[in-house]
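Participant: I grabbed these lines from Swiss-Prot:
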{"type": "DOMAIN", "residues": "22-185", "note": "domain 'TIR'"}
{"type": "BINDING", "residues": "31, 32, 33, 34, 35, 36, 63", "note": "NAD(+) binding site"}
{"type": "DOMAIN", "residues": "201-440", "note": "domain 'NB-ARC'"}
{"type": "REPEAT", "residues": "203-225", "note": "repeat 'LRR 1'"}
{"type": "REPEAT", "residues": "610-632", "note": "repeat 'LRR 5'"}
{"type": "REPEAT", "residues": "703-726", "note": "repeat 'LRR 8'"}
{"type": "REPEAT", "residues": "822-844", "note": "repeat 'LRR 13'"}
{"type": "REPEAT", "residues": "845-867", "note": "repeat 'LRR 14'"}
{"type": "MOTIF", "residues": "1369-1373", "note": "motif 'Nuclear localization signal'"}
């Protein structure tokens, strides 16, 4: 048996909204004399045995009117099975049945199953063979019915069905047909709604995890936060797969099954689905029903979906264990509680994550706009909503429906409300998970939502444990319920879930924040302060000082907070974020913190009850000590960074629970109280306490202290001997303690110490006891300029993995250094007195990195070859180092060898034995003349840097470097010829031959199939690019600047991937190849200072070209529309520049109707005598503001603005040849309290043959399209502002020009300039109101080009539209114009005498 397509019932795509009452499952249509007593009879019996109610017409009584009964039977059947046999079409009754069946398929969703019984389906479809013969007999008497019959046959034959041949037993064929029909009739497609965005990837992933090909029982869990789409995914999978199973069931809303009656109903539904509707109403016990379910499932292959499970008991009575299920069964469980899935021991877990931005935007748009994308006016608002929803489908649907068909102001109002009040439909769904928590977990959740979101998990556990909460269990429960996530061990929470937590806190007293249990918003804090009864109920408070709108000077603000557990008063700038930065950066952050802290002004009478306080953070705490009534008995952590504390507290405090004290950058702290009252302290941070002179000897009593940070304590000179008693200390930081001179002898007793940081101190030596630090892993002594000798016993530190001696006064290392068997990193760079590496250094078998750069070392001992683990060796800038040791080739794991700027002359042949070496740097080795022949054996080498060496050629073996990706030979003045076999380097991606004596390249260069970058600039003898160079299909950049090249071969057009081609300063280059236009990927073309006179028309075919640099303005008629920047600052011809600007402007006008980037086009040109007349500059200096024309946003003839400035390079580099200046151009539109800002950064290269003092002014012009400004905000803006900034140039003057579509004909008449009113005049005004430039008394003068474009456009039939000084448009038709200028516009602009098509 062969199926014509899939085993899938065919029905109409549109089903009736009202369900039909059906009497039969199947209506059998067949030709009686063909199959009544054989195939059809057997099929009818088989269908009956499967419980499929089947109608066949031979059950009718003889003589009864058959037609109406048939019609009714078909209508009352869910489906039809059509047996197409040899003589089927010879029966008009059969054909009429068929017509009715196909009508029901279209109108009622009637399923149709065709069977082609020993007939060719194509004969049925095309009415050929016996079907054609039958229709030939109908032509005379039944012409009116023939079209309907033919259509019905064709449609039925096109459906999926079965083609029965004589190649199999008929009984087997009937069994398969019956089973397939049974499955398809039993399939109940679940309603999944419309707008299923992003569902496909979830369904695909889940089907993979179900392993349908396996005969094992498999259970997969889907979990995620409420509203994320778990049920929808499960329904789609059910619809997709249920027909593949004989028995299936989808049980929804199981979380409600905690109620026995609901559980009873669910059990009955499951039994009914499996037993085909029979159920088990006579069994009342839930337990007995569970036993019955087990017995029934065990013998069947089932597909079951259990949706929204939240308790194990629900699974116990519905599914039990996997042992209940028959072979090949599949179960999907959806839940918010991951723990349920873990206990059920599902085979796989699938977490549903939120939609990505594009998917979220599409889903929201389908509900808000009834289309896939947001309307242009609503794009920014849509982004705000999508950002708010963070990929949650429920929220996107609810808010999309809410905002549908509302105006922009209404959107803004709704979004403002969302900040303080979530939508009820979203809140209700999310809150279900919270409602299922016990009292303690609810408290933990609210603490996380209102205080701890974004904090590290270990920190949160520590504080919550201090609150006497079972923190580990609570956080695990919340994670299982998807109320939080723990990426990178951090407490994270969806913003909508956090907002749900806030709403729970507010719900009893929505407008009385003084009664809330938690405060997190500064605005709510300020409102709470106004309450007469004070703030009594608060347990946690997080206060961002930077957001306080007014100064709080109430010293009693905390007086009634008797329940306060967690208090965080913090600055927007965290001083810890500046750690490691410069002193200036730290000072800047410190100033911000202190400025924020000044908003809380407390008097000496300040008090607050701290009996319940577990966590206190107060950045910039203003008083010199904590209040007298401060208790701290339950305090776990105390953070008073950047405070005014001089002494923490007075008298004795019982601080048994205290684990962390952080007083960093408390600059007035001169001493710490004795430490005996805090025996459990684990971390003490006093970094930046610049007044701290010493550490109290009682520090040794803190047996649990693991971290002590004293960085940048500038007055600290030593540590007490009791420091050695810190038996748990792991990290000790003393870096930047500039007066710290001596490490205590007893410091060696700290047996747990793993990290000791003494960077940038005044220490001179270390005691011998340092060798007793048996756990020490990292020792930092860099920039200790007085440190001269490493102790002999230092070799006893068997755990040491990193030793940093950079920039110390050390001269040598003791032989015991070889005993550091765990050492992996040794840094001796910048030790100017270090001359000799010890022979026994080769014993450091674990050493991976050895940095000796910029030392006085002359050679290395042969034992260096014994460093079998060494991967990195740097000797750069060792000016006395002359010879690499022969045995160095034994370092089989060496990856990187840096010998740059040494006195080395050659390398030993053993260098070829470095089989793992990837990077070899020899740049600036001025005596290095010859690369070894055996160097080609380094099969792993990926980068070889020979820049600025004395090398003349390369050996043929260079071609054997099969892994080489980068070869740098730049500035090798003696290098003349690239080897022919160099073409064998199939992995080479970058070849740098800049400033060499090379004359040509071999043809084999075309074999470098991976080459992406080829640099030949400043090769003054290089004359010809090889014809076969066009074979380098991967080439992205070809730099030929300042060579002797005259032309390029036509094959250059074959460089299909080339993006950058630079030929600047090629003084002999005269002709750009016609086929150059084939380089479809070219983005940047540099032709400055060439001898080229014109460009071929094919230049317009460079469809990706964005940057074009020119000199002498060669003639060309077209520019690519993709062009974004043109640099013509060396052009001197006024006429050529005019033509260039005209082409730019024309291109920009064309592009305003197409897709574009925000900054569509920019040009850099000289300010020659004619250019200032074309561009109106409204202001001296670097910034200008103008009023926008009335109705600028609605005007279809207004495409955008031109921003422009005149500048001059400001640096005085007399020897400079090429100078790069960076521009920052900022555009601002503002008005009515709204602002739009856009910034463009652009880089322009200047060939400077003279001092900058003698250079001429240059002009920068930006064309900016209106459509880059969000349309929904157009009506808000009244003014436009432009500013230009650059560190390398001085901005002299600038302007904004409003463009309106101008003359589209061959020329444009000149107009008399309107009287200067300030807005539209071309004169310059300085800050004092003085006018420069134009003479206001002149009656006639040439209007600048951009003024002309600003004030002139064509109306219908050639009428001229003028703007007055207020921006109002006036129409003049057939008015005579002043005959001041007769020269056509195209001559004045240099534009071609052709029509402009926009």
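Cβ coordinates come from backbone N, Cα and C, glycine included.
Worth saying up front: this structure is predicted, and the values here are computed from it rather than measured.
What's the neighbourhood like for each of these?
Facilitator: Mapped onto three states, the DSSP output places residue 32 (NAD(+) binding site) in helix. For residue 32 (NAD(+) binding site), the number of other Cβ atoms no farther than 10 Å from its own Cβ, over all displayed protein chains, is 16.
Sequence-distant contacts of the repeat 'LRR 1' (203-225) (same chain, at least 6 residues past either end, Cβ-Cβ under 8 Å): 233-234, 236-237, 240-241, 244, 322, 325-338, 340-341, 344-353, 392, 430, 433, 482-483, 494, 497.
Counted with DSSP, the repeat 'LRR 5' (610-632) comes out as 0 helix, 4 strand, 19 coil.
The average pLDDT the prediction assigns to the repeat 'LRR 8' (703-726) is 94.
Within the repeat 'LRR 13' (822-844), the DSSP-based counts of helix, strand and coil residues read 5 helix, 3 strand, 15 coil.
For the repeat 'LRR 14' (845-867), same-chain residues at least 6 beyond its ends with a Cβ under 8 Å from one of its own Cβ atoms are 801, 806, 821-839, 873-878, 880-891, 898.
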Participant: Would you mind listing, in sequence order, the residues at least six apart from residue 31 (NAD(+) binding site) in the same chain with a Cβ closer than 8 Å to its Cβ?
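Facilitator: When sequence neighbours closer than 6 are ignored, residue 31 (NAD(+) binding site) has 83, 85, 86, 87, 88, 90, 91, 94 within Cβ distance under 8 Å.
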Participant: Just going by other Cβ atoms within 10 Å, which of the binding-site residues 33, 34 has the emptiest spot?
Facilitator: 33
Participant: Under DSSP, the repeat 'LRR 8' (703-726) has how many residues in helix, strand and coil?
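Facilitator: In the repeat 'LRR 8' (703-726), the DSSP-based counts are 5 helix, 3 strand, 16 coil.
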Participant: Sequence gap of 6 or more, Cβ distance under 8 Å: name the residues on the same chain that satisfy this around residue 35 (NAD(+) binding site), in order along the sequence.
Facilitator: 41, 83, 85, 117
Participant: Using DSSP, how many residues in the repeat 'LRR 14' (845-867) fall into helix, strand and coil?
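Facilitator: Reading the DSSP string over the repeat 'LRR 14' (845-867) gives 5 helix, 3 strand, 15 coil.
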Participant: With helix taken as DSSP H, G or I, strand as E or B and everything else coil, how many residues of the repeat 'LRR 1' (203-225) land in each class?
Facilitator: 8 helix, 6 strand, 9 coil
Participant: Would you count the other C-beta atoms found within 10 angstroms of the C-beta of residue 36 (NAD(+) binding site) for me?
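Facilitator: For residue 36 (NAD(+) binding site), the count of other Cβ atoms within 10 Å is 16.
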